Amino acid sequence: MAREFSLEKTRNIGIMAHVDAGKTTTTERILYYTGKIHKIGETHEGASQMDWMEQEQERGITITSAATTAQWNNHRVNIIDTPGHVDFTIEVQRSLRVLDGAVTVLDSQSGVEPQTETVWRQATEYGVPRIVFANKMDKIGADFLYSVSTLHDRLQANAHPIQLPIGSEDDFRGIIDLIKMKAEIYTNDLGTDILEEDIPAEYLDQAQEYREKLVEAVAETDEELMMKYLEGEEITNEELKAGIRKATINVEFFPVLCGSAFKNKGVQLMLDAVIDYLPSPLDIPAIKGINPDTDAEETRPASDEEPFAALAFKIMTDPFVGRLTFFRVYSGVLQSGSYVLNTSKGKRERIGRILQMHANSRQEIETVYSGDIAAAVGLKDTTTGDSLTDEKAKIILESINVPEPVIQLMVEPKSKADQDKMGIALQKLAEEDPTFRVETNVETGETVISGMGELHLDVLVDRMRREFKVEANVGAPQVSYRETFRASTQARGFFKRQSGGKGQFGDVWIEFTPNEEGKGFEFENAIVGGVVPREFIPAVEKGLVESMANGVLAGYPMVDVKAKLYDGSYHDVDSSETAFKIAASLALKEAAKSAQPAILEPMMLVTITVPEENLGDVMGHVTARRGRVDGMEAHGNSQIVRAYVPLAEMFGYATVLRSASQGRGTFMMVFDHYEDVPKSVQEEIIKKNKGED
């Protein structure tokens, strides 16, 4: 089958926002207008098409990023709906990794909110062009120009309106197009009947002022337009649109649109803007990767003629077809039934069926082309972030960074029958979600799960119950502490045992130094002259890695330490891998005496919004929880406080805030960094852990 839409006519976009900005409703409307749905599902009725997991429909939030294909103005638009809740950051990250452009949805009453900042920062890291849709213009307190100002103040974004609203709240009835300088008036509830009229007289001055600002802002990004603008020449609508497109694709400019997805206003114009201003796969730089055979950097331009290269960005378990692997094709063509090489794992995989997804229904296709997003059935070894390529043209594409989990829970099956099922369920859930870890405590035999937040683990335990029919008891959430060294030291590990026959002998000198935050453990072999034979070096590293899994102070994993093996000795007969492993772990214990070991705790960036009169309470809450205030701003009658607070102090805070503010306060928190715990707290943690043992 030939290609249905050319690469120029393909758009891969994500819809990203703060929780509750109306993102899923916006996606619903896109699917409605592009002819994919016959009846609109409302999120607050629990009937949304994209939110297809049972829990999402109950909670009214989007958890998994379903990928959907739609058509608009003879273009194919692949849409990835991303969650707005901070506990699901990895979902946002992995969808950003495979997108070409994004629509950032704002709530017009609140403007830029905490999670908007997080996803905006991630999109900037990945260099994703964006347009902004100020949604909920029908809501009480909606303020379009305030929303635009928050883009400047909180994100330092070069964002400018290309539309203005006509009316707001209940009176929101149309949109002014600042490029055509026309008004689009809505005459029915479904938003399908639109009258294009001249701009109403009372809005004309404002429209001319913002048109002028728009032209100037776009001209600043383009030398030719700047010359025309300065010489007072007329810039045509076509030139203005071309200038906006170029600057948006170069991530120098962000067009801002307005509307109300719930009231069916502004969504079609936003779809037009997706086509007009967001890039096709041809507009973005060719993807780079490493050839695993030569270690040389290679590129794969978006073209069907190039060898096949794709990135797996999501694994899902589907009740009907089993394991689904969502992937983005960067170059080449793939037929169902063919073989590909997973270059990340060095494994050959057979592509069973290829499906194009529409929320939770699917269409089987024979061929997938460059620039497309699809799901494959039948891949056994592929996980999130793996590269799939032509067997004759290997390349490893840049993977997806996975943040470390910050919270853990103990889970135990309720019955023997649940025990076996729980193992399988947890393994499948961990395959789908790289930020979800499952470990067994060797000493107690307990299963410990860890993730990005309480909601994250709640949802996973819930899925275990619903999808895998496993009943489990869940312990109270615990903080994932880490340990590290704060000073450099040298230490000897010496192990010798003689018990008749062959003995054991291992002797090492290791220099330990603190490593940069986030660098993890690094091992360096600096042995000269074979004082420790080469075959025992891996055993020394392994001994350190295994010992560091249970740190020296309270048994938490050790991070950010460099170890340099620089001296030692061996015995011709008695030395063995085991002896050197034990010697390395003894060196680590010895180093702990002088390397200033410290316990680290996750610090959360907490954003608390409260009525003015509760500001004093909130400041007290932050101080009492060992937090430090980072900034404050007023918004209407509310105060927004940003603070860094240890996760350990935030359990149960929702209840405290609710009673202090009579239910009017809200807060969001997102993991920010690890930090040393104060000495007094460290002693408590050590005492508690020793007591438990």
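Using the three backbone atoms N, Cα and C, a Cβ is placed for every residue, glycine included.
For reference, Swiss-Prot has these:
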type	residues	note
BINDING	17-24, 81-85, 135-138	GTP binding site
DOMAIN	8-282	domain 'tr-type G'
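Taking a C-beta cut-off of under 8 angstroms and a sequence separation of 6 or more, Met137 (GTP binding site) has the following same-chain neighbours: Ser108, Phe144, Pro165, Ser168, Glu169, Phe172, Cys258, Gly259, Ser260, Lys265, Gly266. Here the Cβ of Ala17 (GTP binding site) has 29 other Cβ atoms within 10 Å, regardless of which shown protein chain they belong to. Mapped onto three states, the DSSP output places Met137 (GTP binding site) in coil. Restricting the average to the domain 'tr-type G' (8-282) gives a pLDDT of 83. Classification of Ala17 (GTP binding site) by DSSP places it within a strand.
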